[in-house]
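Structure record follows, encoded as structure tokens.
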Amino acid sequence: MASCMTVWAIISGLTAISRNYTGLLLTRFFLGITEAPYYPGALYILATFYTRKELATRISILYTGNILATAFAGLIALGIFEMHGMAGISGWQWLFIIQGAATLIVALAAFFILPDEPLTTKWLTPEERKLAHERTQEDTVANQGQTTTWSGILDAAKDPKVWLFVAMQHGHLGANGFKNFFPTAIRTLGFNQTITLVLTCPPYLIAGFVSIAWSWSSGRFNERTWHITIGKAIAVFGFVLGCATLNTGARYFAMCVFSVGTYSCNSIILGWVSATCSQTREKKACSLAIVNCLAVASFIWTPYLWPESDEPRYTMAMSTSAALSILVAAGAWGMRYWLKQENEKIRQSEDETTVFYAY
């Protein structure tokens, strides 16, 4: 993964020398290829070190980095654009140069810090490696050990639970489509550019803290369904309020509410994928990759929910996001029922296992 990070850092920096649409298109294409392995890869690494009760909190901490980046991206870009003309370089070029340089520093450090798996982690003692490996193996339902990469792909693709998780996460990210239009939505409150960018920060900051706390609660009680349902109910309330009123204070409050409700569920869903589809290491990795890949495809169509003609209420976007949130909660209850049936089969079998699916 550190190698992919290094390449995307270089490509990000080289974006600054693009001179036309074709150049930008090519750099963005290759940037997407090199960035793609990061998130599912990071999820897999976390899943090899942490148990089911611990994982959602760790994923939430990881994802909070994304939330904070989204919160401050506009303000950071505004500051960097003030460098326009320095050394004869445009502000937008400085943006990509600085992004690439910062990423490169982290990528180079990752070569020495980032582990592949517990048993090969150099900065752990042999006893710690063994403990880290065994505790996740003992926490796996129907553990089948290790298999081949192709078997992992096929096992993941043939597991219908993976596809229900795909639908849930796709709907979740579809409802989360507001992240790309948050400054646009806040601009309709009537403030100038600087105030608009400042106002984008608090909802994300609150959402980040709540996400970690809510994921911790999910792990603490080893519960998924009610945490997703409550989070999505909060999000639905925010979406409905957001398009039901034009009062400035109420609309900003609604934006805070649907941000908190939406982001509170992301890590719980992904942690649930890892805990449920982990019979082999390869299946776990492929399941996370399939769910993540097909879920982010929602960002292809969600921009069409935010036309300028729909300002300021954005009724189509808000109502669609509310509907998707309800469907995600329904999917969680469907998965709960499914896993209860699976647990009953395990209890009735001759297998003496005491590890059951969590829901």
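We count from 1, first residue shown onward.
Glycine too: its Cβ is placed from the backbone N, Cα and C atoms.
Keep in mind the model is a prediction, meaning the values are calculated, not measured.
Across all of the domain 'Major facilitator superfamily (MFS) profile' (1-359), the predicted model scores a mean pLDDT of 91. As annotated by TrEMBL, domain 'Major facilitator superfamily (MFS) profile' applies to 1-359.
What TrEMBL lists as transmembrane segment is 28-49 (among others).
Taken from TrEMBL, the feature transmembrane segment covers 61-81 (among others).
Here TrEMBL flags 93-114 (among others) as transmembrane segment. Using a Cβ-Cβ cut-off under 8 Å and counting only residues 6 or more beyond its ends in the same chain, the transmembrane segment (93-114) has close neighbours at 1-2, 5-6, 8-17, 45, 77, 80-81, 83-84, 86, 123.
Counting only same-chain residues 6+ beyond the ends of the transmembrane segment (226-246), those with a CB under 8 A from a CB of the stretch are 175, 214, 217-218, 253-262, 264-265, 268-269, 312-315, 318-319, 321-322, 325-326, 328-329, 332-333. Sequence annotations record features per position, and here TrEMBL assigns transmembrane segment to 226-246 (among others).
For 285-306 (among others), the entry in TrEMBL reads transmembrane segment.
Feature annotation from TrEMBL assigns transmembrane segment to 318-339 (among others).
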Check: Given the transmembrane segment (28-49), which of the listed stretches 61-81, 285-306, 318-339 has the most Cβ pairs that are under 8 Å apart from it?
Finding: 285-306
